[in-house]
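Listed in TrEMBL:
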ACT_SITE  64  active site, phosphoserine intermediate
BINDING   64, 276, 278, 280  Mg(2+) binding site
BINDING   370, 371, 372, 496, 497, 498, 499, 500, 505  substrate binding site
COILED    387-414  coiled coil
DOMAIN    51-98  domain 'Alpha-D-phosphohexomutase alpha/beta/alpha'
DOMAIN    118-167  domain 'Alpha-D-phosphohexomutase alpha/beta/alpha'
DOMAIN    178-283  domain 'Phosphoacetylglucosamine mutase AMG1'
DOMAIN    297-434  domain 'Phosphoacetylglucosamine mutase AMG1'
DOMAIN    476-524  domain 'Alpha-D-phosphohexomutase C-terminal'
Ligand code: 16G
Ligand code: MG
């Protein structure tokens, strides 16, 4: 380590006085102007992690669905996964170190993690379309070079594409080619092969409207479009040519406001979807003949996918262990449908992709989705081998199912939830099953629900257990929630401190929208009273 150079370059990316940031659920996120030093330091940290794991590490510059003025950064571990928890702590420690402590902190981390500083390091970098992203990714590169790391800057990429690159590079090309063409070709080939098998591929199945949140998804989908145009034609909206990133559009807007994005005209029964700002989330929706808006969220996506996978397995005659992973936000109807109708076991984890991903790895086939549209399906290596063999050996009908499964495995981004890959999987399944968007929606009816935020002095006073479904502290809060829930039918409610905002989140569902709204409001009041609410008391009405 050239400590002199580190001190010199670090001063060029100086930390603003008194600024403290935390590596949160998905990395650092705040106003872009506060992030230069964090980027430089994450470049340094990525080199250390790369040396320790003797693998390529990824650094993604994005703030996902957050406003255009924000930015953020996260590190991607060797198999395309989120950074290991102990390194998240190092990231926070390093990001908050004062200038004069930089050398000591770097040495400290290296010693704790037994990093061999002589080892080579390689870092790949990607960024979204925010105006601040290019300069910030340059600061990451400065950090990488100062520690003697090699790097490849992919420039503009969706977050899942960067995960894919990292995964490809660390698996000797077995997973795919670590280039943008490699990504397009791998997914498109699987998609086109799959849809060729669809008996109903009329116009209804061939066209889809996509709201790209004025983000990177638009650029990448436009580049990719001609690779899969045989199977699907996409019409892009909010493609960044005029609107602001994530402003009144994108998956987060559509999911949280339960209404269509601006800038997209929807005719009745047309299939539409929205990506978020870095294209790792997707939700679907449509307007029915009466003009009512219907949202098809991550829960219904998981249901469609897991049901289809289960059917294929039955056809092939394989009894593999398949599991669906959700969070407490999953609509109660989806859990009931999966368990009781589909007979698929369902598991609940804490919010945040890394928790779901980790759990999903325990199954032969693990399908995970957050209600907000983050998710994918993971297939164990053993399953992949088995399916490949079946596709060679089985007799006709079974072979066809095995072939489909083989293509589906290729189509899922197994490194991360990926809006483009999920979209193609969904489109293929709908075409293969001959399902319209309304038929898909009709699998089950969502229970009415409401989400609210409460401001408290310190949200850490709330701690939870049982995958965030129960509050442990402050005392009395869970009892209060239990009493409120008892007043309504088919009801459920929970509270948790947000991992990305300084608020407490409240979720309630019940048999009617009115009840869900009341319950959410009453739970908000309980939080306000028992967990140190600040500002105005929560008011009823939305
Ligand atoms: C982050 C997470 C997302 C989670 C959300 C919850 C990743 C890549 N992203 O955006 O999965 O749903 O945080 O936010 O893990 P909250 O803690 O503010 O409710
Ligand atoms: Mg995102």
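Placed from the backbone N, Cα and C atoms, the Cβ positions cover glycine too.
Where the annotation comes from TrEMBL, it is an automatic prediction and has not been curated.
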Of 276, 370, 372, 497, 499, 505, the binding-site residues listed, which put a C-beta under 6 Å from ligand 2? Please answer none if none do.
276
Out of these binding-site residues, 276, 278, 280, 370, which one has the fewest other C-beta atoms within 10 Å of its own C-beta?
370
With CB pairs under 8 Å as the measure, which of the listed stretches 51-98, 118-167, 476-524 comes out on top against the domain 'Phosphoacetylglucosamine mutase AMG1' (297-434)?
118-167
Can you list, in sequence order, the residues of the same chain other than 64, 276, 278, 280 whose CB lies within 8 Å of the CB centroid of the Mg(2+) site?
62, 65, 128, 158, 159, 215, 251, 275, 277, 279, 281, 419
Cβ neighbours within the same chain of residue 497 (substrate binding site) - under 8 Å, at least six residues apart:
459, 460, 462, 503, 504, 505
Overall pLDDT for the coiled coil (387-414), taken as the rounded mean:
88
Could you list the residues of the same chain, at least six apart in sequence, whose Cβ is under 8 A from the Cβ of residue 499 (substrate binding site)?
24, 25, 351, 352
Using Cα positions only, nearest of the recorded positions to residue 276 (Mg(2+) binding site) (64, 370, 372):
64
Residue from 278, 280, 370, 372 whose C-alpha is spatially nearest that of the residue listed as 'active site, phosphoserine intermediate', among the binding-site residues:
278
Quick check on the domain 'Phosphoacetylglucosamine mutase AMG1' (297-434): DSSP residue counts for helix, strand, coil, in that order please.
81 helix, 21 strand, 36 coil
Give the subset of the binding-site residues 276, 278, 370, 497, 499 lying near ligand 1, defined as CB under 6 A from any of its atoms.
370, 499
